[in-house]
Amino acid sequence: MARSLYDWLWQHEFWLPPGITWQDMQESEDVHYPQPRELLLSIPFALILVVIRCAFERAIALPLSSKLGVKDKQRPKAQPIPILETFYSTRCKNPEEGELISLAKRCDLPVRKVERWFRCRRNIDRPSLSKKFCEACWRFTFYMVSFFTGLAVLYDVSTQAVPCSTLSDGYFTVSSPSQPLQPSLFWYYMLELSFYWSLVFTLPFDVKRKDFKEQIVHHAATIFLISFSYCANYIRIGTLVLVIHDASDCFLEPTKIFNYMKWKKTCDSLFMIFSAVFLISRLVIFPYTVLYNTYYYSMEIFQPFFGYYFVNALLIILQLLHVFWSCLIIHMVYKFILQDHRMAEVGRYLWKSCPYALAQARSPRAGCPAPCPDGFGYLQGQRLSNLSGHSVPALGHPLSKKVFPDVQREPPVFQFVPAASCPVTGHY
């Protein structure tokens, strides 16, 4: 039974184009072809990567986070209440209003206190800033290594990601399944496949993001695509797919790192670069150089077979994810540009609408800007003084008539500074 299933699964009609059989890919002393059993090496390699990652985060990333000022906020612990803890662990982490009322009656507590308990409990489970920093550092290190390794491999095999008239030079041509496997391609494939397996192994422990489901679909499609392309010896087109994906990830992870470090300008600059690289690589280069070759150009040479439909289905799934993420990125870029435009308007009108800043009377240190009560930043403006040198309220505030009822003066010009701390005292 197992033997018949094995023979059925590895029929050359499923994996190879018509006219090519497994006999055409027989190994010799000088020529090596991909063997499906070699993919099993990716499992122990993935476990080794997990160990390397743990050591990297402990020995390098975590000390680096403390030196760069990445600090975790102190989170108050939730009061131990067994009924609420059981509900939180087994039922729901964010109960609805009816469930909150029922739990409040069972615990003999006010509904507001139960609601605060769940909010505090959720905050405890949220990943810390240092954990996010360490994870981003590891991924940035790997993507940099894999991207430049992929470029070196592509240069080594002397291939081009464009349709070629010569059968032996194309990426997805009639002779590609019978092309020998070079050692550099083998190790690059093992590196990438092992990394994606390691992401699957550490999925329950990694930071859970909003696109968690899309990430699972992406990892599954990538693993299937790498495995199938290796078995059918479509490694060159698979290498190009991996290099295109790693190009934008090299900018995504440092953007996260600088965001955790509160380096806003650097983070914003890297985000704009990442957006441009992502949109160009995923929406322009990937469809033209990869999908065109596998979907259209290959049909000029091949007859349709199972591998053709399977590979293109996986590539289309990846492209749909690219479109989904591109929409999110474009929306974020739009909000980023709109926010810069609104900041200029806020600086012009905020002094009229912020009574706290306008009512500043005396600052403990001359020139210290007044903090905005909304927590968005600081109002910086020219201090107004009377003859005694004391600060006076700005024009238009009710206190101004009491201090100087007969004095007319120009209102101060305030500037909104969206900084994380006061530029004078350094306090948040």
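Placed from the backbone N, Cα and C atoms, the Cβ positions cover glycine too.
Model, not experiment: these values are computed from the prediction.
The domain 'TLC' annotation in TrEMBL covers 131-338.
According to TrEMBL, the feature transmembrane segment maps to 136-155 (among others).
Within the chain, the transmembrane segment (186-205) has long-range Cβ neighbours (under 8 A, six or more residues past its boundaries) at 34, 38-39, 41-43, 45-50, 53, 142, 146, 149-150, 153, 216, 219, 222-223, 226-227, 230, 235, 238-239, 242. Summarising the annotation, TrEMBL assigns transmembrane segment to 186-205 (among others).
Sequence annotations record features per position, and here TrEMBL assigns transmembrane segment to 270-289 (among others).
Residues or ranges marked as transmembrane segment in TrEMBL: 309-334 (among others). Counting residues 6+ beyond its ends, the transmembrane segment (309-334) has Cβ neighbours under 8 Å at 211, 214, 217-218, 221-222, 224-225, 228-229, 234, 241, 271-272, 275, 278-279, 282-283, 286-287, 290-291, 294-295 in the same chain.
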The domain 'TLC' (131-338) [mean pLDDT, rounded to integer]: 84
Close approaches to the transmembrane segment (136-155) from elsewhere in its chain (Cβ under 8 angstroms; 6 or more beyond its ends): 53, 56-57, 60-61, 64-65, 184-185, 188, 191-192, 195, 239-240, 242-243, 246-247, 249-250, 253-254, 256-257, 260
Long-range Cβ neighbours of the transmembrane segment (270-289) (under 8 Å; 6 or more residues past either end): 161-162, 240-241, 244-245, 247-248, 251-252, 254-255, 258, 318-319, 322-323, 325-326, 329-330, 332-333, 336
